[in-house]
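Undergrad: Please see the structure below; I have some questions.
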Amino acid sequence: MSQGGAAARGAAKPQDRGWAWMVLFAAVLLQGLTLGFPSCIGVFFTDLQHEFQATNSETSWFPSIMVAVLHGGGPLCSILVKQLGYRFAVMLGGLLSSVGMVSSSFCKSLGQLYLTAGLITGLGSCFSFQAGLTALGYYFMRWQTLANAIASTGVSLGFTLWPLLSQYMLDEMGWRNTFLIFGGILLNCCVCGAIMRPVQVASGSLLQLPMSGEEPGRRAEESQLSNGASSPHLKLQQQTRKTACFQTLQKYLAFDIFCQNKGYQIYTIGVAWMMMGFALPHVYLVPYAIQNGVEERRAALLISIIGFINIFIRPLTGLLSGHRVFTGRRIYLFSLAVLLCGLSNFICVISAEFSALIIYCVILSIAMSGIGALTFQVLMDVVEMDRFSSALGLFTILESITLLIGPPLTGLLVDITNDFRYVFYTSSFLLISAALFMVLSFCALEKRKKLKEASKVPLDDPSRYQYTEMPAEPQSESQSTPAVVYITSI
């Protein structure tokens, strides 16, 4: 272990007190400002659609791009944190978010809005959120679990406050001025980053491969070779570059785990499929309510109800799932939450009355709390912790792809049928099928593994035969910095 790594550990030991709690407060604000922000986009859906004379599908690309980049930018944020530190990443993210929303207020087309609010603001939110969680890893050791749980309440607070603020400002000053003010609000991410004073970090990184520092000098030698392709020296360098590229992919996108670990493979596919339908109510609930005669202020209140209930239910769900009764069985609890989320959509199909929509929001928020509390806990159950960061990279990338394409495809269906109920039909189908796929697949995997192990050794310890399936030879990762924990807004 390098001296820098030892210094980092030494600096972390006296934490869990004092300034660490200010950092935790900043992390709560960051999650509310970043993960909670996309919840208000549905409030502007109808106004943007009328402003740009766009279809439902075209308008829905705006929130889809924002959420997809917010979720899928984790590996890029991880590299940024390793190279420049979490404080710089948080402040850069705040600046990007602010610039994106300020620029959005001057957009003349939806295409420009995709770039500014979708890509730039989404990427900035990703940097601020992910790097803020990394800071918690340095400032908390003994109370790290509690710190992460408290920080996650920021998401629920954002879900509660952003829609109400958005509707009020939209009524008072229109969407352009509202976006301009939102740019100033998101700039507070920089303030949160300033609070996160750097703890001494080791400089070593898995990406700094042997021979990488010698490449500039060797390029001059390579230019002198008349037959570079046949040179053994050049072939060795080419092989080194291929190895470096492969190791980088292994670190941030663990395809080897996906191929070897059936549990991870099933879970990743199931969650990616689920996400295609999970985001649909968040995008279309407000316009659906408005189309059916609900007042705009009351329609925005629906999203706030979901966030408010999440504040209380999500911590309780996390405590429940941590009970030893659910050890090794959290995948089934997670699938139950996904199934409940899918079934709740039928309430909207049956009735669009405001009272019925409130009931729908209550049930949906309970299901969302289970999904949000268990998503990454289940991933920890099926993947070894020393490969968790790598597995998480591929997991979030696939998740972001389905988040990107889900709302626009469903919007196209709404444009064809002119019926918003198909949003909830589609969401129910995707969520219910994902839940059944994961439950049946893990049951079959667990049964097959138990039969295989029973033929070799007696069943003296049932806990040894849970569904977790690990790679035969996991590769260890650099311990110089804490892994960037990617947590989505679900």
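Every residue gets a Cβ built from N, Cα and C, even glycine.
What TrEMBL records for this protein is below:
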- 223-236: compositional bias 'Polar residues' (COMPBIAS)
- 20-446: domain 'Major facilitator superfamily (MFS) profile' (DOMAIN)
- 212-236: region 'Disordered' (REGION)
- 21-45: transmembrane segment (TRANSMEM)
- 61-81: transmembrane segment (TRANSMEM)
- 88-106: transmembrane segment (TRANSMEM)
- 112-139: transmembrane segment (TRANSMEM)
- 146-165: transmembrane segment (TRANSMEM)
- 177-196: transmembrane segment (TRANSMEM)
- 266-287: transmembrane segment (TRANSMEM)
- 299-319: transmembrane segment (TRANSMEM)
- 331-351: transmembrane segment (TRANSMEM)
- 357-379: transmembrane segment (TRANSMEM)
- 391-410: transmembrane segment (TRANSMEM)
- 422-445: transmembrane segment (TRANSMEM)
Undergrad: For the transmembrane segment (146-165) and the transmembrane segment (21-45), check the count of CB pairs under 8 Å (sequence separation 6 or more) and say whether it reaches 3 or more.
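TA: Contact confirmed: at least 3 Cβ pairs fall under 8 Å.
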Undergrad: The transmembrane segment (21-45): which same-chain residues, six or more beyond its ends, come within Cβ distance under 8 Å?
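TA: Same-chain residues near the transmembrane segment (21-45) but 6 or more away: 59-60, 62-63, 66-67, 70, 90, 93, 97, 121, 125-126, 128-129, 132-133, 135-136, 139-140, 147, 150-159, 161-163, 165-167, 170, 175, 178, 182, 185-186, 188-189, 191-193, 195-197, 282-287, 299-300, 303, 306-307, 487-489.
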Undergrad: Can you find at least 3 Cβ pairs under 8 Å between the transmembrane segment (88-106) and the transmembrane segment (299-319), where each pair is 6 or more residues apart in sequence?
TA: no
Undergrad: As a test: from 112-139, 331-351, 357-379, 391-410, pick the stretch that has the greatest number of Cβ pairs under 8 Å with the transmembrane segment (422-445).
TA: 331-351
Undergrad: Below 8 angstroms Cβ to Cβ, which residues of this chain, lying six or more residues outside the transmembrane segment (391-410), approach it?
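TA: Long-range Cβ neighbours of the transmembrane segment (391-410): 57-58, 60-61, 63-65, 67-69, 71-75, 78, 251-255, 257-258, 264, 268-269, 271-273, 275-280, 283-284, 376, 379, 383, 422-423, 426-427, 430, 483, 485-486, 488.
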Undergrad: Would you call the transmembrane segment (112-139) and the transmembrane segment (61-81) in contact, using three or more Cβ pairs under 8 Å, pairs 6 or more apart in sequence?
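TA: Since 3 or more Cβ pairs under 8 Å link them, the transmembrane segment (112-139) and the transmembrane segment (61-81) do come into contact.
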Undergrad: Express the predicted model's confidence over the domain 'Major facilitator superfamily (MFS) profile' (20-446) as a mean pLDDT, rounded to an integer.
TA: 83
